[in-house]
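**Q** Mind looking over this structure? Questions follow.
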């Protein structure tokens, strides 16, 4: 048991899974701080992972080869850009048409799963492969972790800290947060509330897609045919609430939940026990929300449509 828990393999998985969860939490933060409830984080992650899997085929010369790691510098940005189209659809429905945010988010989640399933089922004709695989293989020698994993982990931490600084110490960031609290006050100052909301939705979707890319690159995800991101989009919402819609606490909590996820999925045992253990991170998040959730107050205008007539 101890060998399965304390290993470089689990550490390597954690270096990819922790950034995925942290970025997913940031995705929720970016949307709710402008008053948009975004439960489509899971769907955004699925689209990001799917596009990254598809992009990896463009750099594979032979059927049995793996895409070179340097191609990630091209694949990840393109995957995020492609996935942003989903954010545009979300914005049209939630901001322009003023549809219910939760219903729109549910639709995006279902859309992501459906499209990913279609691509995986037609992988032989579309990709000349038997499955929708993540065709990246990083070098790991002996008791070590991949350089790519360390780089992605460091990038995620720096990126999140940069967003934290912008949100708390710049005029634009303070206005951004004010949109989720009282958009009518912002509107009376001649500032476009819709502009900030559109930016929030698009940024949230792109960060969710980036989280999906990180998850898909984890060594424990050899195939993306099921479009399964282990419900990280939903657990990210729970962590956002536990963190009281603050970035710094999420930087601490997200890696801890990711560690619990990696350790439970790495336990060697019979199938029934393994699936039961995988529920531990989700059970913990529910228990913590039950204990501390009532103390947390989110942005006052979250989930409400902006109405200029309420000035």
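Each residue, glycine too, has its Cβ placed from N, Cα and C.
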**Q** Please find, within the list 101-121, 122-142, the residue stretch that Swiss-Prot describes as transmembrane segment.
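**A** It is 101-121 that Swiss-Prot describes as transmembrane segment.
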**Q** For the transmembrane segment (34-54), which stretch among 72-92, 147-167, 198-218, 233-253 has the most Cβ pairs under 8 A?
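**A** So the stretch in question is 198-218.
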**Q** Short question: most Cβ pairs under 8 Å with the transmembrane segment (198-218), which of 11-31, 72-92, 147-167?
**A** 11-31
**Q** Cβ pairs under 8 Å with the transmembrane segment (11-31): which stretch of 72-92, 101-121, 147-167 has the most?
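**A** Highest pair count goes to 147-167.
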